[in-house]
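Written below as structure tokens is the structure these notes are about.
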Amino acid sequence: MLLAIDVRNTHTVVGLLSGMKEHAKVVQQWRIRTESEVTADELALTIDGLIGEDSERLTGTAALSTVPSVLHEVRIMLDQYWPSVPHVLIEPGVRTGIPLLVDNPKEVGADRIVNCLAAYDRFRKAAIVVDFGSSICVDVVSAKGEFLGGAIAPGVQVSSDAAAARSAALRRVELARPRSVVGKNTVECMQAGAVFGFAGLVDGLVGRIREDVSGFSVDHDVAIVATGHTAPLLLPELHTVDHYDQHLTLQGLRLVFERNLEVQRGRLKTAR
């Protein structure tokens with residue numbers, strides 16, 4: 001059983017995966033709030049409470065964090081609470097198997113790397129990955145499995161909350177599809193701007209990528225896959241996305257763990 005931990009700016013996804021390679025599947029998943037000042041002990045108590053008896057069946061752990069302070073605590077937690085379980089943290093120097101053809105590879109978020117790795121592993125062709133999180137990341141993978149870069153925009157919830165926070169006449173609203181793109185009240189107007197506006201943003205970015213990037217035109221076979229917590233809200237309004245994979249990031253973490261498994265085994269033998 002593999003424990004996968006995906007720490008983002010606002011929420012953390014904890015998953016358990018059974019099996020390896022093409023037989024691997026997510027059997028449990030939880031979503032909890034990310035606390036930037038959380039300690040290793042607090043993390044361990046939370047995760048151990050979630051996974052229960054499966055804690056004794058762990059064969060490995062893979063984790064990423066877009067919050068550096070939390071990544072540090074995750075490392076301490078794994079060393080202290082599961083010292084005999086091999087683990088991989090996605091950070092510079094870890095083998096991912098995906099070339100990063102960008103100006104500064106160290107700047108690329110671990111979440112973007114594992115998403116693209118998982119998309120290429122699943123479809124085995126050029127891909128555009130759209131991750132709907134606190135930011136919307138639209139990333140590009142070549143037909144050779146190379147990370148070519150991408151675009152980052154503010155997330156749907158973040159943008160809606162910012163509009164409410166900076167305007168005396170607006171308030172925070174539930175993210176839901178309104179009756180029409182033409183809202184009849186303030187809540188519906190904000191929902192229309194969030195849902196239809198960001199669907200148009202994503203379709204526009206994907207369309208520009210297909211126009212501007214060699215090998216991604218409409219004449220080429222390109223997988224366009226969405227993931228992320230708010231993706232289901234926008235999927236019905238998107239015209240460019242072909243696939244939705246709720247577990248894309250967790251599967252990407254598994255792939256990185258498997259690619260580093262031999263290295264981990266070597267470290268364990270040395271430790272003995």
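Every residue, even glycine, has its Cβ placed from backbone N, Cα and C.
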Original post:
Which of Ser84, Ser134, Ser135 does Swiss-Prot put in the same ATP site as Asp6, Val7, Arg8, Asn9, Thr10, His11, Thr12, Val13?
Top reply: Ser134
Original post:
Rounded to an integer, what is the Cα-Cα distance in Å between Thr186 (substrate binding site) and Thr12 (ATP binding site)?
Top reply: 31
**OP:** Measuring CB to CB from Gly109 (substrate binding site), give everything in the same chain under 8 Å that is also at least six residues away in sequence.
**Re:** Thr66, Cys137
Original post:
For Asp111 (active site, proton acceptor) and Thr12 (ATP binding site), what Cα-Cα distance in Å is obtained after rounding to a whole number?
Top reply: 12
Subject >> Recorded substrate binding residues, Gly109, Ala110, Asp111, Arg112, Thr186 - maximal Cα separation rounded to whole Å >> reply: 38
